[in-house]
């Protein structure tokens, strides 16, 4: 017996070679479970040139009985002499002989097997399988063999595209008999579809396919492939071909520029080396992923074997000789013959010829010459390449010219005569892409597939096949239906969404690429054609169990088949037999539709076996496995019988719902409840409910995700707990990918209350089964069920409290797709209210009717709807009288659908306009109205505003103030008087103060005090009109903001060392002697004296302590009083060691560019102070250029490498701890190379104590200039206020 590991084509290829330079054989005697270890090597005839090892005659697998001898033969060839190793372990290695030896143990009492007695039934029929490139697909086939012979398993052979499939792994199977099922109609089949993986570049094409090598020679091979489908990507502009040597992982590109056709000649290969090839497609977006690599190709001369001859001597011995040995002693080779172009394209041509005869024994190569037709001038074209094979590609020919070629053969003795020149050859594409396919017709097939057929193109041009694309109607996106060219004009498109509508198109493919798209097919909805024609028979039922027995009959039950076959199961057939008999008898000639059946006519005390078959419109399916023997014995127990038909719904990661049916045998009393037991895999059963539940379902929670569980159910009556049901099938606590829950809502158009569910997966035969409280809903007038594709919707008809409960749905013929939703009374009432609003709609208003006064004194009445349609109608009613836009000069009515605004503008709003305003709106079935009562004080306010706006409009016709005179205080305590004018001309008069407004730098500063209070007036006038602005400014009015700013901006007290002693300072944004302040020492007020002098500047208040002694130690504070509260700042001079700079820093530093500046000082404080460096009052962050260090909390430094002019500025260091601190300033000047350093200004270092709450003291305010603004600053002279006209307080 033989286990065929090679295809028929491979065996014929090996057996075609009759020569046998090397022989290898292995003899195994007395085989045991494994193969023998002996190896034997025979001699081989030497050849004159190196040649890679090869098997000329393949080793054939054998199957033999144990303890019998087996002799294995094969023929190998190669130079130098190959090393032949016999291996027992199965390996997949290049040029290593492998052998599969199948050994069988003897089977007693079985000498002959009659094949006719074996009945084989396939239980599975494969559908279409979908995967992604780089992923995996599993196909599983189950078969039933009758009779069951455990020691004689059948051999299953897999086929792909009608060819025997060679598995990638080598399987060892112990076979006694080969049962090869060869009838195609009985074989299960699958159509795997693997779309391309995502491209590496967005928009790049898919990878080319079917890479093969042809015309293999010693240094040349022709690589061909099929183009990928391009649906939404840009057209392919060319291809790159890559190669790698076998055993190497490095790929090298063969062509420098993309080749436009699906063939490419690769030359320059090394003789005897094995290669793999791959191809990448190119378009405007980028390069595709590489194709799958080709099979291994060895660069060998194909004529080498043809030049071998086998001579038999005495019928026993064989001698292998070469044709070279029969030629005699030949030196110069003959000329090549039959020179022609085997491939002609615009990209290249391939020259081919026949080797010379005689050729001689010396190594041979070829020289090729070309000539432009008609010139007679010949030019060698392979000057740098020594050709060893009769093939050569030519790339660099000019378009539009015709060429002739000839070839010489040459060896070490010289060159032959030239061959006969070729006919004139021009580089052209002879055919081009095919024309577009003809009419495309799509017809219904199944629930998820469509049958597409089309007319072939009028100009096929060496057609390879077709690509079929599909698109949803209304979508511009096309999706490929097949991943490689399909050769026929009929195709079944699988994997479509049921209920959706598609259109299809077809493209023809040849070596030049893809044709134009065909016309689109007529749109077609994906629905089954004729279910009873497409349906298949159901699979076998399972789980046969006995529910009751009275001694003469049994009631049995079974579980429904896992696969319904595409139509509803409408029949079950039961067979029985005695347990000691092989003959089956039919129980019911008429089918039963239920999954329970009473079997009568039984003999008490006898054991029976049962099997069940299911039937549908397609016929009767395969029978179930026989049940366990069941004894016909009357049940007399007072306890109830077992529950049955256990099923699972809504399996999630931590919960599931188990369902069952009540027992048929109830015992001595009625069943009152059920106990459910559960067992995790590897654990014992335990009850889930302590008290019996009265319904036939239970939601189980608290499961462990991914764990496997089994369940049992026991019925309970008044006598006790009955017999347990059959153990359920194992279930894993894991939700299906993409599982969704039931959604409850109200239809926005109709107001219907509904439950909707979208399945994560369905099959062609799936149905949605809805249940209430886990009882299936069938023909119920209270609900309507609508299913489309993966969606199912249950709509309530006149819902009320009787519809409350748990609604669930499960999808048949899936892996348990199901979900549930509990409808509560509160949720129902909320949805009923929403439903009423939808069915009795109103126009929703975002804003009720309101009014606003416009610029010219017009009054606009308006409201805004949340949404409105273009068909909306409305009317305005004023005091029960409708007004329209036809009332010329008084009302303007309009609306905007986009914004939902309805408005009416009244141009002349007067005392007669006092009224009640109403708007009535109608939009389809929806309506609404809104009213505004505009009478009394509300109307007076509106009328006053309208008259004001009307007068303002008149005022603004001439020069006027856009903003009247006003004042405000900036953060730097500057008081500004501001006004803005507009609509002015050159003739506009500014009442003698014109320069205040025209000068760009006319900003004035004032240190505000009592003498600055008064009235300020500005006037504008010209022939169009005039305007006046008056501002009354009092010192109280302006000083309050300044006081608030002063007190709130006060910094903490800081300490500064002076030559006279120490000084406590408090910085603030604004300070004058008019601000009330008080200094305190140990809560005692301090008066200014020679010892303790109190004073201040424009930005600080300070107290100088001369020659401080021990008695001046203690707690100091300053109180700053404004109009509402006081602000206190404190400082403790009790002896704590504040942070300070001990020394080491200069006042001024001058340094040349590109030098390194190091500012280093010693800091002190207890606790250790924090050190912060600043440049121009901005904190310096440590970088490679400016590096900050602090060593031992004592030595602080700032090092700037390669200084530039940008590093010039004012630097400071701030040293502080919780008791205070100080900062020191240093001025750094950087001068360029070659310049004299600037003169440093010598002065003592000033150390200023730093406040605790901030890293730098408050910045001193500086004057600012703003054109067109009256600006008062505390640092300016008060006399500048004289430019204003001062009006007496009596005005």
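Yeah, the Cβs are placed from backbone N, Cα and C, and that goes for glycine too.
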Notebook entry, point to check: Between 1235-1260, 1261-1286, which stretch does TrEMBL give the note region 'Disordered'?
Noted result: 1235-1260
Check: Pick from 121-141, 142-162, 163-183: which range does TrEMBL record as transmembrane segment?
Finding: 163-183
Margin query: I'm a bit unsure how to read this: which one of 207-302, 537-635, 642-738, 1153-1229 has the highest number of Cβ pairs shorter than 8 Å with the domain 'Fibronectin type-III' (436-529)?
Written below: 207-302
Margin query: Give the mean pLDDT for the domain 'Fibronectin type-III' (537-635) on the 0 to 100 scale.
Written below: 89
Notebook entry, point to check: Which stretch, 207-302, 335-431, 537-635, tops the Cβ pairs under 8 Å count with the domain 'Fibronectin type-III' (642-738)?
Noted result: 537-635
Check: Taking DSSP states H, G and I as helix and E and B as strand, how many residues of the domain 'Ig-like' (1153-1229) are helix, strand and coil?
Finding: 3 helix, 47 strand, 27 coil
Next item on the list: By DSSP assignment, list the helix, strand and coil residue numbers for the domain 'Fibronectin type-III' (436-529), in that order.
Entry: 0 helix, 42 strand, 52 coil
